[in-house]
Amino acid sequence: MKKLQISVIIPVYNAEAFLENAVNSALQHDCVKEIILVEDASPDNALSICKELEQKHNRIKVYQHPNRENRGAGASRNLGIEKATSEYVAFLDADDWYLPNRFDAEKELLKDSSIDGVYGATGFYYEDKKEKDPNRLTTFEKIVEPEDLLHEITRSNGGRFTTDAITVKKSLAESIGKFDTDLRLHQDSHLWVRLAYYGSLVSGIISEPIAYRRVHSNNRISKANRASAYLFHKKIYDEFKNDSSLPKNVARTFFKNIIINQTNSNSTLVRGLIALKEIIAKPSILKKII
């Protein structure tokens, strides 16, 4: 049986203090064929650290965007996907880290070639307090069947997985367009929804963390976040709205997120006008969501 090989993609920007820890956490896994560092015109000393790590470890490869431009995390992950030479790709933010159990589930589940990807749970580490949160996981309460995953991750109180905790076939990520760089934020969520729609993703380790996300004190929700959230849900809805096979509860969730929850305005009038415009343009929407 062919040995599992995974390319781990790490976008690098303003993370010189944490980068080596992230890289070492990936190097501990024998199924990691290569670690792709995409240096995104970071203003700190990250590029020098990347080159030093590349010289030290033959599994590390360093890339930059054309003209050494800053393109953002989504574009950096896309470049990493393009350069990856493994059947599967995984992602890691440069200030986060993998745990020793990160790919335990993948080694068993991906023996089944019909499975396109595996996801798990992510823990939280608060940088200002220098401590882990033992009571917080980004995960699912129970195992979700692949055909139910789309509904679960689009519910407002549904389960989630993070960028650090998904392993997926490179071919699937490429075939659906990778990360959407038109979105300022929510590029990862947009891709996960589309992976769940077009592929077969299964639960790995969801009861304990397989990676830790480092939370910084300056993480805040802003108006820009809300505007991007609206655009994210609108893109998803526009892509799937003509699919008559989409379950009614999923269609209802998409519509609700656009019209009610995710608009970047608090105005009831604005929300109502957006809803009215959608319904006038396509009356069949009502049949889908009622």
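Using the three backbone atoms N, Cα and C, a Cβ is placed for every residue, glycine included.
The domain 'Glycosyltransferase 2-like' annotation in TrEMBL covers 7-145. Residue counts for the domain 'Glycosyltransferase 2-like' (7-145) under DSSP, split into helix (H, G, I), strand (E, B) and coil, are 40 helix, 42 strand, 57 coil.
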What is the average pLDDT across the domain 'Glycosyltransferase 2-like' (7-145)? 96
